[in-house]
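So that you can see what the record holds, here are the features copied from TrEMBL:
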{"type": "TRANSMEM", "residues": "B:7-25", "note": "transmembrane segment"}
{"type": "TRANSMEM", "residues": "B:31-47", "note": "transmembrane segment"}
{"type": "TRANSMEM", "residues": "B:59-76", "note": "transmembrane segment"}
{"type": "TRANSMEM", "residues": "B:88-111", "note": "transmembrane segment"}
{"type": "TRANSMEM", "residues": "B:152-174", "note": "transmembrane segment"}
{"type": "TRANSMEM", "residues": "B:186-216", "note": "transmembrane segment"}
Amino acid sequence: MENRFARFHPLVSFFFYAGSVSLLILMLHPIFLGLALVIILLLNFFHDRLSGLWRWKFFLITTFILMIILNPLFNERGRHLLFEVGTHRVTLEAVVFGGMNALSIIGVIALFVSYNVIMTPNKLLFLFAKILPQFAVLLMLTLRFIPLMRRRLEEISVVQRSKGISVSHGKWKRRVRTGMLYVQTLLTYSLEEAIQTADSMKARGYGMSTRSSYEYFKFRRADVLAIIYLVILLSLIIYCRAFGYGFLTVYPVMEAWQLTHLDIGALTSYLMFLSFPLFVEAGGLFRWRLSN
Amino acid sequence: MRFNKTVKTVLLLLLASIFLVLNFWFENAYLWLSFGFVLLSILLFLVRFESRKVEPRELVLLAVLASIAAVGRIPFASIPSVQPTTFVIMMSGYVFGAESGFVIGAVAALASNMIMGQGPWTPWQMTAWGLVGLTAGLLRGTWVMNKKWGRILFGAVWGFLFGWIMNIWGFLAVVQSGSGVGFKAFLLYFASSAVFDTFHSVSNVILLLVFGDVWLKILTRFKRKYGLLE
């Protein structure tokens, strides 16, 4: 399914993800993090009905549990005692702190799942090509070579198998040795081929003038508006955060969870920033309904 | 579109100073700070890489080595914790120099993550593998690295260092700012990864022992034959 958010200029999407990751790391407050996680889940639902996130379920759940347990295990600071195990104090502060960090990290990983759907390699390359043209070519060549190398490895292993040599059974010492011999064959084979590729590139005029690109992203009016929207919200939030709003101080004394006026202001901007892709999708759906 | 040199320098200095100011502001955000450090240092390297016009032959050579480093994991999929990526990057850095070594390591990490899926660990992997290549290139003239046992020691040390670099971000993610998690947790966290680091280290040693010399020969021969990256 094509997402409306994916149609924005790569710069917009990149800025959204970079900003969101920063916010998740900066705004450590249970209410902020909880709501952010809900939004990110919704985001993933809109992208691929959570199928991407589902593949990460094991990693996500273990990280979450580990982080919640780890902090109280090593950290006895805090005034509100929940219970004692032997002589070990488990405090409310430690649990809250561990929980907040766990939510933040899970949020970041879930956000990256959505990032991988939206920011396809060609978009990232497009961004790179603007500021780091040589590096972008290198990366593109590498990306193109990876499937090629895979095929060549397959070829090599077919030839070797006909000689009765294989990596999949036998003693492990033997297997490591054959595996590495495959890679070595691949190396000599590919190095020679590489020279031909390079000469073809040169013959086609690589480096003579500016490069043309296969896919060109235009910066439209909607992109300008989106960037302005995101920049304003992000600077508002960072401004609030710099004065200590939108952040739960746990040590030395835990604050109340209650939100002040400015906290609520920061929270609103925070939610509006994170749910930008949702607004885009919702707006698109709404227009679709109207036009029918 | 190539930016000229002064614009680039000014931009980088500006980024660095913004980064410093932010650090001053949020003094306890270690995770954030380390992300900034890593990204900025990768950026510095890439800008340096851009500053020289690289010949197509050299460019393709770097791409081939990076992709072999990334793909080399496939035949070893059935053998846990053994992968030749570090070995390939080390050899390339040793033969083609520090800068090429860093670029190969960073590109191999970035490209393989583009296929396997990016995550917050990408910049750390890029740095860790980049540093493998960089240090191999920097140390190539010294007498330690000219000896076979020196290179093997180097591989053994990097098996652990690589794991530690990747641990640092994991640990900072667990701890984040201001909590009182202390040295004990730090040690435990690092000890828990020791098994994998040992495997990595041992596999580096075995590969260097059995294949180190052959690979050096192949790469050096190729470099001399076509006069690349001298």
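Count begins at 1; order follows the chain as displayed.
Using the three backbone atoms N, Cα and C, a Cβ is placed for every residue, glycine included.
Automatic prediction, not curation, is the source of TrEMBL annotations.
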Closest-packing stretch to the transmembrane segment (B:7-25), where packing means Cβ pairs under 8 Å, from B:31-47, B:59-76, B:88-111, B:186-216: B:31-47
Residue numbers, six or more beyond the limits of the transmembrane segment (B:59-76), whose CB comes under 8 Å of its CB atoms: 82-85, 88-89, 92, 96, 100, 103-105, 107-108, 111-112, 115, 129, 228-229
Intrachain neighbours beyond the transmembrane segment (B:152-174), with Cβ under 8 angstroms and 6 or more residues off its ends: 30-31, 34, 86-87, 90, 120-121, 124-125, 127-129, 131-132, 135-136, 139, 144-145, 181, 186, 189-190, 193-194, 196-205, 207-209, 212
